[in-house]
Amino acid sequence: MADEKLSKLREAVAGLSQISDNEKSGFISLVTRYLSGEEEHVEWAKIHTPTDEVVVPYDTLEAPPEDLEETKKLLNKLAVLKLNGGLGTTMGCTGPKSVIEVRNGFTFLDLIVIQIEIVEKYTKSNIEVHTFNQAFLQNATDTKNKFDPMQSQYPRVVADEFLPWPSKGKTCKDGWYPPGHGDIFPSLMNSGKLDLLLSQGKEYVFIANSDNLGAIVDMNFLVKKGELFGNVTPKTLADVKGGTLISYEDKVQLLEIAQVPDAHVNEFKSIEKFKIFNTNNLWVNLKAIKRLVEADALKMEIIPNPKEVDGVKVLQLETAAGAAIRFFDHAIGINVPRSRFLPVKATSDLQLVQSDLYTLVDGFVTRNPARTNPSNPSIELGPEFKKVGCFLGRFKSIPSIVELDTLKVSGDVWFGSSITLKGKVTITAQPGVKLEIPDGAVIENKKYTQLN
């Protein structure tokens, strides 16, 4: 049955003129692996907590050279690649999330460019910077540079027929999908960018999500020897579903919640046993990428992603870049400070980075030293704040939250200017009632309603 499905799918894919032969080959390979059931299942008893040799503490890394010329030589070997695939649809965005304004009118991409320019200015180095998203690679150091095709596009599969949707007439963008950021490695090769970077003397690429404001160039990783360094950070209760690094059959491996047997899900979520989680920041040797892609050796775990689009049930098969760690030689995890993980996945995260909890200097977002609590406040905003436009419209200015522990907002709530929130705060508007918080209000350890 699987052979018959694959044969019909292969024939239909061959007739798709919208994608390259490399994309067709990559897609068929992914589907073949999926149908064969060859995916390895994790045996729970073989999982071990990684030692400090496998997941190295950040503070034990060798210090970078103080000599400016040596620093320049190291940075000249670096390329920076930002994953720009998040469309931010949950936040009401119609394009990449990286074009959302974060602070002072600057978007994520603006800040990335500023950060690199500052490093280049003081070290007189030349760092290649690119963004990798659903369809494009951009040289981000030149905002006027045109976009060049990079990430693969694969056809969505109609679930009940197991045929590519474009072959059924769905040739618009909804008929296609990007196969996850695990596609970054073959795309670097197929686009010609990998050979170009190597010809320019680049040796390493730093890969990180564009919406992670803490993922900045760090010289410590350029001194360390190895083919791949996966960054992890201490897990909190907010991160219990995130992937983690484990020792498995004498290799370091990424373990995602989707791979965990049902009987062990609660154990996986424990911050006592699994104390670290994957930040999706990778430092990778470019020659090693070339070697492994040419050998077709990167067989990362397949992530089936069923969806319903325009009333049609479709299937997407994806892979994750971090799962490649087990295929590289001398690959390790590095347990980095929490400051290197500052993502914006929802408007509650946007409130954090736009508040006085952080400051912006030379494109770098740094934490306000006046905040004595090492953890960030927990913020829960109601559906009225879910979309970026609605969120911004409900604040005259972002409240001061340096002394805030928790905030829960529900209902039709509007904030004035110069508001201060402290301790544990709950703000609730009753159904059908608009609640306006006055300018200059100070709310501390209080449940605030229109009745107060």
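Even glycines carry a Cβ here, placed using N, Cα and C.
Pulled from TrEMBL:
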BINDING   Lys97, Gln151, Gly180, Asp211, Lys345  UTP binding site
BINDING   His181  substrate binding site
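Within 10 Å of its Cβ, the residue among the binding-site residues Lys97, His181, Lys345 with the fewest other Cβ atoms is Lys345. Across the annotated binding residues for UTP (Lys97, Gln151, Gly180, Asp211, Lys345), the two most widely spaced Cα atoms sit 22 Å apart. Neighbour count (other Cβ atoms within 10 Å of the Cβ, all protein chains): 23 for Gly180 (UTP binding site).
There are 24 other Cβ atoms within 10 Å of the Cβ belonging to Asp211 (UTP binding site). The two recorded residues, Lys97 (UTP binding site) and the residue listed as 'substrate binding site', have Cα atoms 15 Å apart.
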